Amino acid sequence: MALSFCGNDSSNSYSVEDGVLNNGCFVDALNLVPHVFLLFITFPILFIGWGSQSSKVQIHHNTWLHFPGHNLRWILTFALLFVHVCEIAEGIVSNGHMTSNHLHLFMPAFMGFIAATTSVVYYHNIETSNFPKLLLALFIYWVLAFITKTIKLEKYAENSVGIQHLRFCITALLVLLYGMLMAVEVNVIRVRKYVFFANPQKVKPPEDLQDLGVRFLQPFVNLLSKATYWWMNPLIMGAHKRPIELKKIGKLPIAMRALTNYLRLKDAHTSVVRGAEGRAGSVFHHLWFCVAHWQSSPWEQTPDDPEKAPSIWRSMYRAFGRPILLSSTFRYLADLLGFAGPLCISGIVKHLENSQLNQTMASGEGQDAQVWPFGVYFLSSNELLQNTSVLAVLLFLALVLQRTFLQASYYVTIETGINLRGALLAMIYNKILRLSTSNMSMGEMTLGQINNLVAIETNQLMWFLFLCPNLWAMPVQIIMGVILLYYLLGFSALIGASVIVLLAPVQYFIATKLADTQKSTLDYSTDRLKKTTEILKGIKLLKLYAWENIFCASVEETRTKELTSLKTFALYTSMSIFMNAAIPIAAVLATFVTHAYISDSKLTPSEAFASLALFHILVTPLFLLSTVVRFAVKALISVQKLGEFLQSDEIGDDSWRNGDMPVSLESCRKHPGGTKAINRKQPLCYQLDSYEQPTRRPLRPSETEDVAVKVISGFFTWGSSLSTLSDINICIPTGQLTMVVGQVGCGKSSLLLAMLGEMQNISGKVHWSNLPGCEMIYEGNISKNRYSVAYATQKSWLLNATVEENITFGSPFNKQRYKAVIDACSLQPDIDLLPFGDQTEIGERGINLSGGQRQRICVARALYQNTNIVFLDDPFSALDIHLSDHLMQEGILKFLQDDKRTVVLVTHKLQYLIHADWIIAMKDGSVLREGTLKDIQNHDVELYEHWKTLMNRQDQELEKDTELDSQTALERKTLRRAFYSREAKNQIDDEDEEEEEEEDDDDSMSTTTSRRSKIPWRVCWRYLSSGGFLMVVMMISSKLLKHSVMVAIDYWLAAWTSSNTTISSAQDEEHRSYYVPVFSILCGSGIALCLITSLTVELMGLSAATSLHHNLLNKIIHAPIRFFDVTPLGQILNRFSADTNIIDQHIPPTLESLTRSTLLCLSAIGVIAFVTPTFLIALVPLIVAFYFIQKYFRVASKDLQDLDDSTQLPLLCHFSETAEGLTTIRAFRHEARFKQRMLELTDTNNTAYLFLSAANRWLEVRTDYLGAVIVLTAAVASIWGFAETSSSALVGLGLTYALTVTNYLNWVVRNLADLEVQMAAVKKVNSFLSTESENYEGSMDVSQVPEDWPQQGEIKIQGLSVRYDPMLKPVLKHVNAYINPGQKVGICGRTGSGKSSLSLAFFNMVDMFEGKIVIDGIDICKLPLQTLRSRLSIILQDPVLFSGSIRFNLDPECKCTDEGLWEALEIAQLKNMVKALPGGLDAVVTEGGENFSVGQRQLFCLARAFVRKSSILIMDEATASIDMATENILQKVVMTAFTGRTVVTIAHLVSSILKAEQVLVFSSGILVECDSAVNLLAQEDSLFSVLHRVHTILTADLVIVMKRGNILEYDTPEALLGREDGMFASFVKADM
């Protein structure tokens, strides 16, 4: 029989004469028993009993690993499996030396392998379902296996089988492993006591696993799942069906949360300071102690050595050093295993060279079977390693292990980096909350610096930590590589290595240059963005004045500079890529050519290809080294900045509010409140609230009850030695209204801040009195928290949250109170305008609200808080008179005083002094007077008289103010506009989505899936085509050529080395002169092509970026005005900022990397297939697997990337918001709540980032294993098919290429995923490129238009109908009118009647689909747009100025002389003001003209219109946003300076056109009246006279509404209009 268990080549195979145990075959059979036992026992339990058991136990996630020695067991089992594989290999190879088959040599090993696998599966199932009793089966198995293997080992020793035999070593190893596994099992019994003990130990899952919200399971799963990220499968596969949302990724485990890591870093710091050894153990030890400490900054200077700051590095090492060491260990193991590849290739090729020789030796050896112990052949380890198949399997295992260790190392560093970042963010935030106010106000610490710390420095440190293990792993890798090369090739290897080492500094130089260039590019792009923003904000004016091309050219000029910088950037990038590709070729060339000339031995294929693989390994660390060094330098700088920040001045201790010394921590801990700091129901780490309150103290007898705050001889400063406030002695009476008045800059706001403890106290005291009836803060429900002060700052500060959240500010919501506050601050009309009412998100810093609206929300916040004391710092500064009065009456006098709250009000409005209970008058930083108004009237007559004159002046201003249409109405109008465009944006987004849905016929789950996994090929093609056809052809052809040359180099090497073995030394010279030159030429052309390809990709990217930006800018600037009405500004700006940046800098390198890695993989597969065509059969399943891996990964990666981006912004916003609103947060005592929010935001962002990096590991592990399988199949195919190829050199070539595949497969997928995300930017830009432009040409040629047209200013409007869009209704219908040359015409009508549309029609800005406007005999629709718009002038309602000089703002075309400009300024009454400015006409105008008042800006616009000298001027509600005085100037100038010119005034106030020679009255787009103003007023029923009456009544101080002799309503017009159901409101609505 050919397959007998004990073999049949000798008669005594089955003989047991010497005793059963002396027959080797029986001993092997005995070894089968335990394995069979285990399989019989476990299979029924695994397959039958499982369903019924698992339902009994409810453990979250099924990942609770709680048996002791869990990880050790997995490691030992993996080792056991490896030893079994060796045992099987040894058995099979030994069997080959026998004349008949001996199954017992490998059969038990094979069963052992299956049993070991079963044991771990069985164990895992028992552990996750918590049935420890079933472990008994495993315990019995380990004991039996240990006994049988020990017997086998002992018998070997007796029969003189020793350490020189491989089987003896394997058996000894197995005895050891089974013994250790037995010990692990005994330990489980000892700890858990599940058998042999009366009471088994009860265990509870950890807190994280009880919390269903924790979805990040990496710390909790078993080793196999940890190594392969198996637990990520449901998430990544699920992403295909529906997008990953924040809910899906859940919370972080406690150990990874920011607070935990902050405490860890803080503990480390404390122990560094003490110089003591940091105690190990749980972070949660003394959590209360730590949490209480979270208030104090950890980096205060130590008392022992105040000069030297404690080292942040040492603290970081102590807190996070252990995981970094673990990661470094993994990294070393991976690097060492990496060298197995070249060595195995060398071995395989060498043995294939000698294979024929080996066969003859083997057949000769097989004769003396009788001398073998047990009658079987015993291998030595050397013989095993000479078997090529064994080497192939070893190569595979080494690759799998190497990749697993490498990914584990990456993961550990990334997790540690994220933990460190969380800790640093918490530390920085903690410090921000304690920063002294003077630091911020004196500019020592700017908002920009804080934002940089948060966004840049912490990330630099995180990245440094990611790359940290490379610092010490790389040198080892390089040294090992050089040693191995020397071993293979001798001296010539050192020459090749020196080429690599010498070129490394060049790479470092290029890397630093890249960083510098990036900085300068950033400066240019910021400048370009600033200009683009200005253009977009003033686009209407630019179009009306036909200046769009001038401004467009200015942007293009900056863009050219930016592109020059980008060219340099592209050059350095391509140099970097070139160096990376060319260095290995250069090294190989130098090495092999040198070897050919100086070495005595000939180059064999095994040496050549092993060294080729080694060179590839060597290049990576050298390439990375420059990056790592750069990051290390950056990290040093970051730590320095962080240290400086953490040691900046802090605010004084909080105990000043009690007038006491700081409360010690001990008292806090013993305090009854201390126990409440931790609420067991909530996760430990988020309990941050109750410790904030300092302890109460008993009342001092000296303090009187009626004084809320008292300052005694206080001297305060903002950080300099000079005191800002000096000799302050004041009392703030309890429950009364105190007003603080004085000139600008006399220290009123500082006084409030001094009382709040924000200023540095030089001397004196601030006493805050306790209120009777609330002795203990922790007992009973206190309605008013006395430690909190409601404070509204002068500069309004809002959160990026809803209006309601801004007002309630963390207090419980009380509907009645909320409504009262809203009414008191007249916020209801504003809230009604918002798209989602008070649930509308206010943008960052309240960007979408006006100043007055922001200020009223801040005041509302102070009113709503239930505090005893309210500080209001000039709340009326941004409000008009009506709102101020309303707020004073309803808010301060009624709402606050009814509540008996103590109010301190800083104000300039002296007319309110009569309401004050107490007045503090200030002058130059000290108190001038204090007392009631009567006291001051009696004792300081001079001051009182001064106030009276100021009051009179304010009253006059008030009269002027009332004539204006309220400023608030204007603000509300602006608000409506802002949100109109926003709603339009939402509509556009919805339309986009609808279009996408329409593209797919069927919106079922499968189509959504396919849409999300499709690669946007069309967009890619658009991008490439915008780079230019020639460039694309060059790029593709040079890439293909380069990779062909690379393959040719290696093929030539194979041919050269294989011919070396056949030639004699006599032919050597001739042979060398044939192979070496060709090899050199090929290498040289390879290097040249590397340079060309890297350059073409970058240049192609640059030309695509140039053309895309140029087209985008031109399209947008020439788009019709309607486009800007419906597209939000932010959306357009995004195309110019984020999207352009991606197209400029990110797509080219990604594209380069993608094409390179794809072509490398393809050429490798091509070479392997060429060497062994059978490989192609195995390739099919591998390609299918690869397709699905990349498909799933790309979708999930995109979602996680989006989550990471979207969670980062709120975190950065929260930091900058906190820094801006420090005084408010501290006054309200809401630090704890803000810290809480920061921790939540940090953790959310960290969760997204962790999942993203875990997904990357998931992909890399899978592609790496696929690569390893490719190597295995290639090796096996070439070994088994060696008879056909019979060239060992070609086998070496194939295997070297197979090794490169493992490195590049995951890059193909990751680059593909990145490119897909980046192509979205191209898609967005393209969507704007399809915008229709305005028709600039016209049917007339410019030469046909007279130079001085329009000379007369005669306007004929004939049957004009106008609409904004062909889809919309007409806004003007069949208008006919005639305006004489030089006539002053007024146009009026109700809101929406089409007045402004007519003004736009004059400039052909709207669609005139019927009729025409003829100016001086020419139909304006026939004119080229530039000509028409450059010959008319307009003054808009909103004055627009651009940054630059005054000259540029008046005359950007530079057509006017200086005299002309001065004349225009004189007419606009601005000459004297401009003369006083430094630089005169060249004086600087800041962005938006912010350095001039609104009135002055409007006058500049008038001067601009005058400079044009056009005979037609159109004024579109030009006086709506200016004060009375400016309006008078404007009217006067128009009447005098524009005599003889046609002036068309569109008026919102009828009173401004009463002197017009002709008035056009519109209603719903129809011209209803046309006559002089006097005639129209004479007709009582005319619409004009109705509008005039309504306007007159609205400017009245008081309105009385009567009906049948009864007074129905009686109030101010504003109040009556506010009552929507009132009689007056309905009258006005009917008229308006």
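Positions of Cβ are set from backbone N, Cα and C atoms, glycine also.
Listed features, source TrEMBL:
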type	residues	note
TRANSMEM	32-51	transmembrane segment
TRANSMEM	72-93	transmembrane segment
TRANSMEM	105-123	transmembrane segment
TRANSMEM	135-153	transmembrane segment
TRANSMEM	165-184	transmembrane segment
DOMAIN	333-634	domain 'ABC transmembrane type-1'
TRANSMEM	478-504	transmembrane segment
TRANSMEM	569-593	transmembrane segment
TRANSMEM	613-633	transmembrane segment
DOMAIN	709-949	domain 'ABC transporter'
REGION	985-1009	region 'Disordered'
COMPBIAS	989-1004	compositional bias 'Acidic residues'
DOMAIN	1045-1316	domain 'ABC transmembrane type-1'
TRANSMEM	1074-1097	transmembrane segment
TRANSMEM	1159-1189	transmembrane segment
TRANSMEM	1265-1283	transmembrane segment
TRANSMEM	1289-1309	transmembrane segment
DOMAIN	1355-1589	domain 'ABC transporter'
**Study point:** Segment proximity, the transmembrane segment (165-184) to the transmembrane segment (613-633), 3 or more C-beta pairs under 8 Å
**Key:** no
Exercise for review: Check the domain 'ABC transporter' (709-949) against each of 333-634, 1045-1316, 1355-1589 and return whichever range has the most CB pairs under 8 Å.
Suggested key: 1045-1316
Review point. Which residues of the same chain, at least 6 past either end of the transmembrane segment (32-51), have a Cβ under 8 Å from a Cβ in it?
Key: 107-108, 111-112, 114-115, 118-119, 121-122, 125, 134, 137-138, 140-141, 144-145, 148
Point to revise | Local confidence of the domain 'ABC transporter' (1355-1589) - pLDDT mean | key: 80
Exercise for review: Mind checking which residues of the chain, 6+ beyond the ends of the transmembrane segment (105-123), have their Cβ under 8 Å from one of its Cβ atoms?
Suggested key: 5, 28-29, 31-32, 34-36, 38-39, 42-43, 45-46, 67, 73-74, 77, 80-81, 84-85, 87-88, 90-92, 94-95, 134-135, 137-138, 141, 145, 174, 224, 376
Practice item. Please work out which recorded stretch in 72-93, 135-153, 1074-1097 has the most C-beta pairs separated by under 8 angstroms from the transmembrane segment (165-184)? Key: 72-93
**Study point:** For the transmembrane segment (1074-1097), sequence-distant contacts whose Cβ falls under 8 Å of one of its Cβ atoms, 6 or more beyond its ends
**Key:** 571, 573-575, 577-578, 581-582, 585-586, 588-589, 592-593, 596, 1031, 1034-1035, 1038-1039, 1041-1042, 1045-1046, 1048-1049, 1052-1053, 1055-1056, 1059, 1148, 1151-1152, 1155
Practice item. Using a Cβ-Cβ cut-off of under 8 Å, list the residues of the same chain that are 6+ residues beyond the ends of the transmembrane segment (72-93) and lie near it. Key: 105-107, 109-110, 112-113, 116-117, 119-120, 123, 166-167, 170, 173-174, 177-178, 180-181, 184, 222-224, 379, 383-384, 387, 390, 393, 397
